[in-house]
Amino acid sequence: MSRENNCTTADLAWGIPSITQAWGLWALFGVVTMLLLISLAALLSQWTRGRRRTQEEQGPPSGRSVEEVPLYGNLHYLQTGRLSEESRSEEQDPSSGGLARGAEEATCYTSLQLRPAQGRIPSSGTPIKYCEVVLDSEPKPQASGPEPELYASVCAQTRRARASFPDQAYANSQPAPS
């Protein structure tokens, strides 16, 4: 049997019948294609809506854009290269005390802790624990050289009974004059 005997001139290509010969097959193909496209459009719509909703819930703190939120604390405005819009307008009007307020806002502080989601009640966070300066009277055996005797101890619960320096402002400063 040769292939030419089975093939008619009404075929679009080998094995694909024309619309007049198999209109029901082409109609079914069209319906399935339309349902597939509608399903794809609905899926993309739900995906973008859900993504937009999660971005609104997890958005930047206090309504500011991500570029405005500093990553590290204690950045002076000369180091960052920009001022806030409020301090720029206040520096232009010195009669309202804008220069003093602009100088106060020159240093930025931020917390590197994650903020709670906007739907929850914010907690007070962990309280700040201050350092104590203590004198280490126990010598440590080390051959590399002498270590300094004064050091700052963070959360030094076990060393609190040792000597502290209440009359000095800082660990390495001179005693307060009497």
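Using N, Cα and C of the backbone, Cβ positions are placed for all residues, glycine too.
Some features that Swiss-Prot has for this protein:
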| type | residues | note |
| --- | --- | --- |
| TOPO_DOM | 1-23 | topological domain 'Extracellular' |
| CARBOHYD | ASN6 | N-linked glycosylation site |
| TRANSMEM | 24-44 | transmembrane segment |
| TOPO_DOM | 45-178 | topological domain 'Cytoplasmic' |
| MOD_RES | SER62 | phosphoserine |
| MOD_RES | SER65 | phosphoserine |
| MOD_RES | TYR72 | phosphotyrosine |
| REGION | 81-102 | region 'Disordered' |
| MOD_RES | SER84 | phosphoserine |
| MOD_RES | SER87 | phosphoserine |
| MOD_RES | SER89 | phosphoserine |
| MOD_RES | TYR109 | phosphotyrosine |
| MOD_RES | THR126 | phosphothreonine |
| REGION | 128-133 | region 'Interaction with PTPN11' |
| MOD_RES | TYR130 | phosphotyrosine |
| MOD_RES | TYR151 | phosphotyrosine |
| REGION | 151-154 | region 'Interaction with CSK' |
| MOD_RES | SER164 | phosphoserine |
| MOD_RES | TYR170 | phosphotyrosine |
* Asked: Short question: which residues 6 or more past the ends of the transmembrane segment (24-44) have a Cβ under 8 Å from it?
  -> 17
* Asked: Taking all residues of the topological domain 'Extracellular' (1-23) together, what is their mean pLDDT?
  -> 69
